[in-house]
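This report refers to the structure that appears directly beneath it.
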């Protein structure tokens, strides 16, 4: 097993740097189910954020890219079940990173999350905190 950093997956899917894309392809082509690539939650969150902010990809495109990675048999994920759940929540409108936090929390039996993020509160049912008066 070999760990994959965000920039390797980014070059693999975006292909904006020919030399780095070729190197990423070589790594991806070398992976097998017996010797897979390992992808952490942080890598997925960074990838989703970079695709949105730097490459300005819309939500559906980002979700499709992440789903295609999840369906790649030669990749293993930190917690595949949480990733699949996070993608489902993201399809319903949640931010992917927030959805991944929620899915990981479900795995550990966390009954409640609190946030200042109105969108996360709305999409994920988290309790919205209001700032204390100054």
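Each residue, glycine too, has its Cβ placed from N, Cα and C.
A quick note: this is a predicted structure, and the numbers were derived from the prediction, not measured.
Taken from TrEMBL, the feature domain 'PIN' covers 4-122. Annotated Mg(2+) binding site per TrEMBL: 5, 98, in sequence order.
Here the binding-site residues are 5, 98, and the one whose Cβ sees the fewest other Cβ atoms within 10 Å is 5. The secondary structure of residue 5 (Mg(2+) binding site), as reduced to three states from DSSP, is coil rather than helix or strand.
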